[in-house]
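**Student:** Taken from TrEMBL, the feature transmembrane segment covers 95-112, 133-149, 179-205, 225-250, 326-346, 352-369, 420-440, 452-474, 480-499.
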């Protein structure tokens, strides 16, 4: 009589194991190698070891995190901790890596809970599912991008974003020192969060070191607290000393920084992130084709990689000027400065900080050097908190998250993953749009006709890339076209969301008559 329940349980277990083990991205080998390096080698060799091409290139706290994990990993499969076991991927190794990500997500769940406490409850619906806190918890906990990047593709972003969201929650709760400490720790786990460091620095200086505003919202210069500034500086210094101190003692800081900031890599990642440089590269390709057709360009002078191999790291521009790391840095700083200016001169409290943080993340994504496509999550997750507060922010969030999430599709490129990623994204997107429309049903529509037309265009784009292009003769000669189309199309949407958010920040008035705690 109990055969059927047992059969169902067996099927459920088999399906779970299949999901855990079905996908094996290169990031599995990256983190396995880091486990091996930190476990089997002394600290003096961590940032020199180069047996594998996947060398350790995260800050020291993450290296110590891998070291701690390695002492649990040895009980699963000791062989994964051998530096010379390149591309080692036993079933026990994969299971350990999968479950380590799931376990570390506990911090992310706690951070989401703390963020939900900070949400204004004015727009409270009769039903639980219409409450802003409930909607926000779903948008964060079931975020499509984070789900596929961490639990299918494989990374530890949930744990790291947990630290970031928790630091944001502490700033909302006016626990500034805790927020500063958590963010300093986060920077020494993964240095990509330097993108949003200007927002943290300016906000803490403006809202914590200066203790009062004038009635019009401008700063009271006499309210500056030198003690608070020293306290913040001491927190940052102590965290940095704990992280970098051992390598300073070993005289290895230059080697560590050379791993963290590898400017010898190209302008774009192997798969173009959907940012300004994707549009720039695409324009260069179009101008090259036109130049060849009109015989303005000599075919012998055009680098082969720029026209046939497509998405390469060392991309050489043919018509437009080539871009240097310094040029991307200048563009990024110029893009960030207006948001920093507004944060200082047009204070809007923690919400203003969150908008500035999102703009810093988006601006760095748009103009940074060698940006990974997964970095869009650094803007999407903070924007989730803004989306349940105002209809305008909800509209920007939906455009950003839909295009940003779709841009991650090429990370899952095998046939079995195709229905999974389409179904998961449809579920998340439909819920996001329907829940936010319900929340702001008394206000104007979240999308105009142009935005609706653009978002609906993702459907034909997916059909073209996945179901039409593979059966054309171009598949062999121009295999990069689906990736190029995806990057360029999504870059348009992300650029639009960035611009729309910037306009909103620039025209919003400051909050006057604010007395800081």
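Glycine too: its Cβ is placed from the backbone N, Cα and C atoms.
Describe the structural context of each listed feature in the structure shown, including burial, neighbouring residues and relevant distances.
**Tutor:** Within the chain carrying the transmembrane segment (179-205), a Cβ under 8 angstroms from the stretch's Cβ atoms is held by residues 58-62, 65, 160, 163-164, 166-171, 229, 232, 235-236, 239-240, 243-244, 260-261, 336, 339-340, 343-344, 353, 356-357, 359-361, 364-365, 368, 375, 378, all 6 or more beyond its ends.
Nonlocal intrachain contacts for the transmembrane segment (225-250), taken as residues 6+ away from its ends with a CB within less than 8 angstroms of a stretch CB, comprise 43-44, 47, 59-61, 176-177, 180-181, 184-185, 188, 204-205, 208-211, 256.
Tertiary neighbourhood of the transmembrane segment (420-440): same-chain residues 123, 125, 129-130, 132, 135, 138-139, 142-144, 147-148, 152, 387-388, 391, 394, 397-398, 401-402, 405-406, 409, 412, 446, 462, selected by CB-CB distance under 8 Å and a gap of 6+ residues from either end.
Cβ atoms under 8 Å from those of the transmembrane segment (452-474) belong to residues 398-399, 402-403, 406, 409, 418, 422, 481-482, 485-486, 489, 492-493, 496 of the same chain, restricted to positions at least 6 beyond its ends.
Within its own chain, the transmembrane segment (480-499) has Cβ neighbours under 8 Å at 271-276, 278-279, 282, 285, 309-311, 359, 362-363, 365-366, 373, 376, 396, 399-400, 402-404, 406-407, 409-410, 451, 454-455, 457-458, 461, 464-466, 469, 474, counting only residues six or more beyond its boundaries.
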**Student:** Quick one: do the transmembrane segment (133-149) and the transmembrane segment (352-369) reach 3+ CB pairs under 8 Å, ignoring pairs fewer than 6 apart in sequence?
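**Tutor:** They are not in contact.
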**Student:** Report, as numbers and ranges, which residues of the same chain sit near the transmembrane segment (95-112): CB under 8 Å and 6 or more residues beyond its ends.
**Tutor:** 20-21, 28, 31-32, 69, 72-73, 76-77, 80, 136-137, 140-141, 150-151, 154-156, 158-159, 161-166, 169
